[in-house]
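Undergrad: Dropping a structure here in structure tokens format, bear with me for questions.
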């Protein structure tokens, strides 16, 4: 695809004034940082930044829910034994961040602050209240306890104070005042040689998004968020890191494989692609400068598909028309989807074949190399498919990861065939009917009627109590 670098650089230098951007941790003295509380209520900043606020609020228009498990029931098998096998929707607007984490079946139906399956860390990318709590309680205090503990505290959707130092003079004067509001993200950027306060403005713009649009895991007894970047950001680097510390997110209930669950590694995959390598940032494509009714330029906070603002995004660098670029992107998306399905088919068979091997009396020693292949295959598949927009951000890297996943899955199945033969099993291991989400969930033993009923009761009884308490404490507008 054609890209006129000089033209793009000139455009960006004209369209984005040189803002003085700094981290809140670097800008404020320790004394002042203790006295200025993070303001999490997004509407507080509407009078100062009306265009940005209204465009952010418009993310509520991105309301459609797409059920990824219904679209592709194979996922239920790959995530058997993990909450993602219950519920996995494709992402929607930032205005639904808190609603969606409350309503997903993955967070369970806790009755008390000490109840439920997940830790506090599961709030970490959902709200500016997280930055407020980290400031008030420290990281150890924030991460302590179960997810339900944060219910009455984390109530405002992902917004202003997640990305901006809203207490700064720069922000009051209409400047972006970008900041990393999550200390663990700041440490991760330093680990890859990108300290935020020394980064250029192009890097900072993407680093802010990279606080959340990344792979991460829950570390230690406190289940604190950490990015696995100590060895690098490529899929093999992170795999090596996880293997070295013997980390797993869960054990697949069919194959008994210690698994890794990739999250949403857009920062890593963007960095590996042509846009990241040429300093085309998340902001350039997903939050372009647009004009308001008075002709004033502002950053559009209705984060979405670049094709929705083609003239302000793609057309600044590319000479092709919109239809031509859409065709290229669609072809890349289809290529990745086709290989994704092929890998999933192999992994589904591998999990059931591993179960058959266990049932036939296989030993831990016999299964260890096989499970390692399954772990590595699914990790590489997952990092590719969990990265939203990889067909645009880094299609070559996506295909490379999926190709590697296919090879690892084939290795696992070859070893399984040999092992099963030693147990007297030479026929193909039959699969149950997993043609729908419901049938796949039944095949792994999920009682979805009970799970859904418990969730509905939680939403009707517990969540209203959280919101009432938040209003009484002044955390939500009345």
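Counting begins at 1 with the first residue displayed.
The backbone N, Cα and C atoms fix where each Cβ goes, and this holds for glycine too.
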Undergrad: To which of 264, 275, 286, 301 does Swiss-Prot also attribute binding of heme c 2 at the site defined by 160, 163, 164?
TA: 301
Undergrad: Out of 94, 337, 349, which one does Swiss-Prot list together with 209, 212, 213 for heme c 3?
TA: 94
Undergrad: With 282, 285, 286 listed by Swiss-Prot as binding heme c 4, identify the candidate in 49, 144, 393, 427 belonging to that site.
TA: 393
Undergrad: Which of the three DSSP-derived classes (helix, strand, coil) applies to residue 125 (heme binding site)?
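TA: Assignment for residue 125 (heme binding site) reads coil.
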Undergrad: With the heme c 2 site defined by the record as 160, 163, 164, 301, how many Å span the farthest pair of C-alpha atoms?
TA: 13
Undergrad: Other than 122, 125, 126, which residues of the same chain sit close to heme? List them in sequence order, counting a residue when its Cβ is within 8 Å of the Cβ centroid of the site.
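TA: Other same-chain residues with Cβ inside the cutoff are 97, 101, 121, 123, 124, 127, 130, 212.
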Undergrad: Measuring Cα to Cα, how many Å separate residue 301 (heme c 2 binding site) from residue 261 (Ca(2+) binding site)?
TA: 30
Undergrad: Which ones are near residue 264 (substrate binding site): of the binding-site residues 125, 212, 213, 215, which have a Cα within 10 Å?
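TA: Passing the 10 Å Cα cut: 212, 213, 215.
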Undergrad: When you tally the Cβ atoms that lie within 10 Å of each candidate's Cβ, which of the binding-site residues (126, 318) has the highest tally?
TA: 126
